[in-house]
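Straight from TrEMBL, the features:
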BINDING   317-320, 340-349, GLU366, 402-403  S-adenosyl-L-methionine binding site
COMPBIAS  69-81  compositional bias 'Polar residues'
COMPBIAS  88-107  compositional bias 'Low complexity'
DOMAIN    192-496  domain 'DOT1'
REGION    14-152  region 'Disordered'
Amino acid sequence: MSIFNQKSKFKVKTEVLKVKQAVEPAPIRKPAGVVAKASRPSLSVPGSARGTPRASPIPPSSLHARRLQPSSAESKSSLGQSRKRRAPANTRSPATASPAPALSDSEPGSDDEDDWRERIDPTKRRKRAHTEDPDRRLRHPRLWSGQGEDEKPGIVQAADVASLADRCHPVMHLAQDEVAVRLRYPGAKYSERYELVWGKDKIDGALDIMKVVKLVASTYLTDQEAKPFLDQDNGIYRRLEKSKNTKDGKGFKEALADFNDQLLALQRRGVIAKNIDAMRGIPRELVDFILDQVYDRTVAPKVELLAKYENGTDNVYGELLHPFLSNIFDRTKLSSDMVFVDLGSGVGNVTLHAALERGCESWGCEMMENACNLAEAQKKEFAARCRMWGIAPGKVFLERGDFRKSERTLAALKRADVVLVNNQAFTSQLNDHLVNMFLDLKIGCKIVSLKTFVHDNKIAENDVASSILDVEHLTYPGGHVSWTAASGTFCISTRK
C-alpha cells in the first residue's frame, strides 16, 4: 500500500482490481483539495489569513491533508492537521502539496500508476526522482557514514510537539511509560525522539515513523537491499502496518527496533553513502515529506500568527501547494545550476521547496514580521532535517523587508533564471512597480505569476510590460492553492 494512501487514477481491468482486494486494505488517502485528517495545521484561515493568495507557508504533504480550504469553519478544524503543502495566503509563496503535477496524472509511468503497482507488491519498484539532474550531487557534506563521532543536528524532536505533556493520548494499548521510542535516519548517527501518542492537530507519531521507514527503504536502497524492509509478507514496514492496525504496541516497537538496527548496519557498511552518490534527483514523495516534517515542527504549532494580515493590502497570505510548485519547476526547467527568487516568500515554503527538489540557489524576500520569524525557524530546521536525511539542498537565502528596496534581493534578481510572484492579491500599483523591476532581469528569465502583467487595456505602464514580456496563459487544477479548492489560471512570462 502506498505510504501516502493515494487513490490511483490508473485504469485497470477488473481482474487486477480483484488482485488488489487480496491485499490487506489500508486507509485510503483523500484526493487533493479535500481536507483530510490532520497531521499539520491547514492554514485555511478565513479572510486575510488564508483566504487570499500572496506568500505561502504550508508545504505540500505534511500532517496529511493539511490542505488549506477557503471555508473558515473547515479551516479551523483542519488547522494543524492537513497541511499538504502548504498554504496560507500572504505574499506569494508557491508552497505545497504532495501530489505530482496534474499533467502527468493519467500518463503511462506516472506516480499514480506506480502507486497502483506498489499496492500489489511494494517490493517491485523503488522510488525514482521525477526529474534527474546529471550535474547535481546529493550527498550531504556532513553525512555520517557509520564511523566516528557525529555532531547532534539540533532538530526539533517530534516528541517536542506531540507528547503526553501536550495532552496527547497513548495509542496501540501502550502504557504512558511505554510510548517513548527513537527513530534512526539515513544521514546521521543520532536518532529522533517520538512518542506513540495521538492528539488533535498533532503529529501522528506511528504514521510518521511508518512513512520514514517506507521512504528510506524505497529511496536509499536497491531492490535487494530493501527486501527485509518492504517484503509484503513479513517485511519491517508490513509488521509496523499490522501492529498499528491491530493496536499491538509491543509488536510496533519491536519492528521499529529492527529497522533502527538494520539501518545502522547499512550505514556502517557504507551502503547508504554509496547509494546516495548514485542518485541525481529526489523523489517528490520524499521532498514533500521532508518539507512537511519541517513545517509541522516549526510553523504548524504557531500557525495562528499567519492570520494577522490585512485584507485590501499587499500583505495578504496565501500558499501555492506542493503539486503546483513541482509543476512550475517542471515547466520552467529549473535545475541545480540556476537561481530562483520568490518575491513575497511568506514563511519560506517555496524557497525551501526549490532548494530541496531542484538543488538550485534559492532566494526569498518577505516583509511581514510574523512570517519572517517563522521562515527563519523553518530555514534552521530545514538545514538540520536535510542533514538527517543525508541530502544536500541548494543554498537558501531569506531576506527581510520590502523586495522593492532590498539590495540583496534586487542583486539576486539580476542573476535569476526563475522568479515567482504570487500576485493574486497585489494592488495594481505594486504590480506596475514589479514590471519596472523586471527591466533588470536577464533575457530569457521566466516569471511565474497568478495574474498577468500585460493587459489588453493598455496604458503607459502596461506598454512597458507588453514590450518586455512574452506571456503564456495556463490553468492549474483544483487543490493546488490554499485559498480555494477550485481550479484557476496562472501565467509564465519570459523576459524578451
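Going from the start of the chain as shown, residues are counted 1 onward.
Backbone N, Cα and C atoms are what each Cβ position is placed from, and that goes for glycine too.
The shown structure was predicted, so the numbers you read here are calculated from the model rather than taken from an experiment.
Mean predicted confidence for the domain 'DOT1' (192-496): the pLDDT average there is 93. Of all the binding-site residues listed here (ASP342, ASP402), the one with the fewest other CB atoms within 10 A of its own CB is ASP402. The number of other CB atoms found within 10 A of the CB of LEU320 (S-adenosyl-L-methionine binding site), across every protein chain shown, is 39.
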